[in-house]
Ligand code: HEM
């Protein structure tokens, strides 16, 4: 069958797209030049949110099954890389919007009430589906965040909250990572004793060091002992110990140990893609946080201390969300538990072989030396 010829304008639905910019200021009979930029920038963001959600669909599908194929993890990592680039574009768009001065904005701001970013259902979906939990949100009013959305959007976002987020799916995947425990080797024990040896060596060195005063020595030894306590909390403490060692901790111990394992042995062929995937999750978190911060600063610059059109305290509310609405901060906190590679316990041969890419026909013996 031959496809019907497609034209550029038809394919891109330009008649709809290019007629979708309808400035309120023109309708009010006092045309404000900068409103066109304001509308287009917001529309472009919504299109990019759509793309991000589209990538999240695929990532969720990959991790939703009982078995996650390594090749699919590479595709999921590419999806995350794309999300990161989209978010970076979003951060750059703030520079573009800032070519509008606060005075230019005042020419039409009064016509926008009570419309607000609070009503962006797609932005809320990005947050929820990545894994931002209701209880972790900064609440500035009594009503829940979804009440700003239409009824249909509210039903949808509540469904999305009930479903497993990217955070949940990644946590489950991590807790199933092989190699962390094999018949004869347990990563948890091997790393724990390697770390204890390394830290005790550092304590002995500090106690001997002539370069330190007595008070400096005491402070250093105390800091090192605290580091050991943090490790103990990770390896065998209660969830409360773990929360104290790394405040705000959310991921279960099994997933944390697997993520640590992936970070420590990231050069092993089988761990390179998982390592990239975890790094990209941090990039997503970092870029979204950067966007929140830049958006808050832009808002401060545009409206100073005025309230937002959606009724919040404006820049003050937005600044509070910057740190509070982080999603993958556990992966960042992991560095608390990293030790230099010299303290890293060597992997047993059978584990290294299992993770090697050097396959050979059965019986050739070649794989034995991989
Ligand atoms: C002159 C430019 C802008 C100003 C003055 C501004 C102002 C604000 C204010 C004050 C809020 C807090 C809610 C409220 O009380 O209304 C807010 C929230 C929000 N804005 Fe903007 N905004 C601007 C541009 C943008 C752009 C370009 C986007 C892109 C989509 C955007 C997306 C959002 C989102 C998603 C929220 C909700 C954030 C959250 O609750 O964490 N804003 N904005």
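Heads up, the Cβ atoms here are built off N, Cα and C, so glycines get one too.
According to TrEMBL, the residue from 109, 124, 230 that belongs to the substrate site alongside 38, 39, 40, 41, 42, 309 is 109. Among the binding-site residues 39, 41, 42, 109, residues whose Cβ is positioned under 6 Å from ligand 1 are identified as 41, 42. Between residue 39 (substrate binding site) and residue 295 (heme binding site), the C-alpha separation comes to 16 Å. Distance noted between the C-alpha atoms of residue 42 (substrate binding site) and residue 295 (heme binding site) is 12 Å. According to DSSP, residue 38 (substrate binding site) is assigned to a helical segment. Taking only the Cα positions, the spacing between residue 40 (substrate binding site) and residue 295 (heme binding site) is 16 angstrom.
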